[in-house]
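**Q** Supplied in structure tokens, the structure appears directly below.
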């Protein structure tokens, strides 16, 4: 059967030979040499490959044909690879592996079948083309891509139809909510109208009963004033005389004027101002306990008060101070002083015979010894009330204990920082989520923070790194990522206000907390201002050359001064977190264990250090931020995605 099948083979090739015979082709065409290519494949993420081919020369082919071959007459294909993850391979087509045999094959074809030379040439051409282009593999890839595109198209159609249904349901639900809201708005409008009508009726009744009330109030006040005068005649006779010469009928006159104004306003149907009654009550309840007359002029007192009010740049002097004692003003009939009373009314404490020393921010300086005066706040302060003298007295004490933390919210990632501006009068909260980024999120207050309702988002021009940022006096202070630069970003005008370089800081990618890419540069704010804490080289100890440096910064230009810079004995890799209170640096020994200690303290006032060994609880065992807020006297902490505060106790 095999012998019978052999004869038809030349007949099958004859038509192809006849078709190719119409084109003249030379046997030594250069097309064959063009197809001799080396193919290289590489696999791996880090790979560099190189193929080196050494073919036989024409002289070597002639020597091999004549039987005079040498040792160096051979061809090779070498593969050279480099890289940690690399696999290389080099291959070559048959025409390139043995050029001598290729020439012998061509000569045999010329001698035995000249008509098949053209066919062999075309076969070699097609073989080289298929080998170099790898058309079958390309076809397989194209088919696979086409099938993936079809699958993707079907899934997109299904998802779009499903999302369209969700959007339609949402629009329908929002329309229903809008109708309910409109109904509630109409009800609220009716309630407001009813309340306005009732308020107008009550106002008219009060206006009708007003003429009898001031007479009684004036009489009782006159009796109280007369009784107070009778008690003080023996002690302050001369003062009473000088004070009586000035006259006291103004408060009743003002009361009558207010009653007449009340009648006019009630006739018009308007509402009373909410501040009118409290001022009148304050005047009626005043009790004169005694007077002291000084020769200092009114202008000198006013100038001294203004000068002392403007002294100091610390945030503590912007807070309303505590008020101890109760007294009346020096000139109750002064109209200018009545106008200035809601802002800051001067009170003199004369309960005892001698002047009493009261912590205050405003003192009256005259030629004779004067009692200390203080400002009366018009509304209850939101935070602790500390004056400049009280601040210095409180900072003389040291930290006695740290209470267990109070959790306020769980927000964001495991690492982050949250803070308040201690120099601000509002309760805005600022959050940096994670230890690397360029966004600062602002919340109006703690309730909005718990609800996730942010009020502002700041996109910074340069990325921050770490969790040691602070917000102070309306600016965000942070360390620029992967540099030794510190930046002050103005939050109100949204631009970089200052830029400085810490030349002696030791900056590396690894940190004492072993957070990837975290920064060792830590900002802090205490009662005295802005500070920066960073590691530097210690020339005194070669075994442990890196120590923690504490320096007070100028908030304006971020400058560092030698007289306000201290090198501590705290080593860089020996603590977890640190914070600054009243000019004393405290360091917690661990951050990833629940039971920790405040193991180190450095006092900048004396230049000495100590080991207080105070218990400190890392409740969630991953504390990435601890910062002191001098306005609230608490520590703000970020522990494994939980926002906490610690209450501090001091030894005064």
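Glycine is treated like the rest: Cβ placed from N, Cα and C.
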**Q** Tell me which of 130-156, 157-183, 265-291 corresponds to the coiled coil entry in Swiss-Prot.
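**A** Spelled out, Swiss-Prot records coiled coil over residues 157-183, not the other listed ranges.
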**Q** With Swiss-Prot as the source, which of 209-254, 439-484, 485-530 is set down as region 'Disordered'?
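**A** So the range that Swiss-Prot calls region 'Disordered' is 209-254.
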**Q** Same chain only, sequence gap of 6 or more: which residues have a CB within under 8 Å of the CB of residue 395 (disulfide bond)?
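**A** Non-local contacts for residue 395 (disulfide bond): 527, 582, 583.
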**Q** Hey, does DSSP put residue 395 (disulfide bond) in a helix, a strand, or just coil?
**A** helix
**Q** What mean pLDDT score does the domain 'Olfactomedin-like' (394-652) have in the model?
**A** 91
**Q** Give the helix, strand or coil assignment DSSP yields for residue 582 (disulfide bond).
**A** coil
